[in-house]
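Swiss-Prot annotations:
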BINDING   17-18, Arg38, 72-75, 96-98, His104, 137-140, 273-275  CoA binding site
ACT_SITE  Asp169  active site, nucleophile
BINDING   Gly248, Gly249, Gln250  substrate binding site
Amino acid sequence: MSTPLQGIKVLDFTGVQSGPSCTQMLAWFGADVIKIERPGVGDVTRHQLRDIPDIDALYFTMLNSNKRSIELNTKTAEGKEVMEKLIREADILVENFHPGAIDHMGFTWEHIQEINPRLIFGSIKGFDECSPYVNVKAYENVAQAAGGAASTTGFWDGPPLVSAAALGDSNTGMHLLIGLLAALLHREKTGRGQRVTMSMQDAVLNLCRVKLRDQQRLDKLGYLEEYPQYPNGTFGDAVPRGGNAGGGGQPGWILKCKGWETDPNAYIYFTIQEQNWENTCKAIGKPEWITDSAYSTAHARQPHIFDIFAEIEKYTVTIDKHEAVAYLTQFDIPCAPVLSMKEISLDPSLRQSGSVVEVEQPLRGKYLTVGCPMKFSAFTPDIKAAPLLGEHTAAVLQELGYSDDEIAAMKQNHAI
């Protein structure tokens, strides 16, 4: 089966989550992704949050499928020589080291261009070079705090909250992926590679654009009519936290369903659409609200929006969350059950679509991983297990022209 990136070689100098999520997707699209790891150590996530002693952690295996792994010590002369040969043959190099780390290895962008002017250099950092935080170490929640997500997440009477979704890490990887694919297309026109940089702060901010929209509206109006604070609460000079309210102008809230007293996920998310208000009233047994001037428009409803949700909840609390969604869907009401990770892991439809995939690694055995979220008509990514540390070192070196004796000597010299 032909794949979009067949014939593209990627050098993966990334670790933890932001970089590996990007290079894993490149591998799913058919690129030959070579993960370069420290001899005897490897990516730190191989050892983090283990569920089986001395076996690669799920943290690693779920972010590095379809890749090849080599152990390479770039501090040695032989290791640097191998690195230069790899760069010469590669199409893309991706790194997410601390600022300046790859330069200290001797591989500045200028030197890389000399070795291979067609190479595309992808780089993930916490902050842009012009940021005052450029030297701050960045992880997932650091990026959420600096990118505007934390200040706008949570309830108005509580502290900022970070999302459980990887807005700082995997989201940054997906943004870089888009940039790398664009750079590949640009190379087809120019014949030259380029540097593509992605800051975690920028990636989070790009998902918070509606909050920047709201900031400008707040500056002009002094209030935000779709937020729960309107019209009875107060607004400060910055976009407030809105709890579980919808952020796109359509009021929404988390509602209890049957069993909520003991099941922490017995809830649905319910959205009120202006154009679907009549159906909403019929669904919840309040047809009189259709023509009542206190309820007939979104502006009229906002002062007592929580009373409306409480009325809707009187119905949803009597039935199972799946029954609630099935019933409300008949009225074209946007809603969904709050699915636990346990439910997601067992969902047959997600298995069927390839969104959740079972793979097998030689030492770990079978495990679940998240599959490719995009569904293509011309090809289906074949999700394979993550590599063992150094599993492909000899094979990659042989492809570069090294003999068995030379490979043995490099191992003796701790270059691999």
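Quick reminder: no glycine exception, Cβ is built from N, Cα and C everywhere.
Overlay of Swiss-Prot feature records on the structure.
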residue : record                   : Cβ neighbours (10 Å)
Gln17   : CoA binding site         : 21
Leu72   : CoA binding site         : 25
Lys75   : CoA binding site         : 13
His98   : CoA binding site         : 12
Ala138  : CoA binding site         : 24
Asp169  : active site, nucleophile : 26
Gly248  : substrate binding site   : 9
Gly249  : substrate binding site   : 11
Gln250  : substrate binding site   : 16
Gln273  : CoA binding site         : 17
Pairwise Cα distance for Gln250 (substrate binding site)/Gln273 (CoA binding site) [Å, integer]: 6
Nearest of the recorded positions (Asp169, Gly248, Gly249) to Ala138 (CoA binding site) - Cα to Cα: Asp169
Substrate site shell beyond Gly248, Gly249, Gln250, criterion: Cβ within 8 Å of Cβ centroid: Glu226, Gly246, Gly247, Pro251
Among Leu72, Gly249, Gln273, which are recorded as binding-site residues, the nearest neighbour of Asp169 (active site, nucleophile) by Cα: Leu72
Gln17, Lys75, Gln273 filtered to the binding-site residues whose C-alpha is within 10 Å of Gly249 (substrate binding site): Gln273
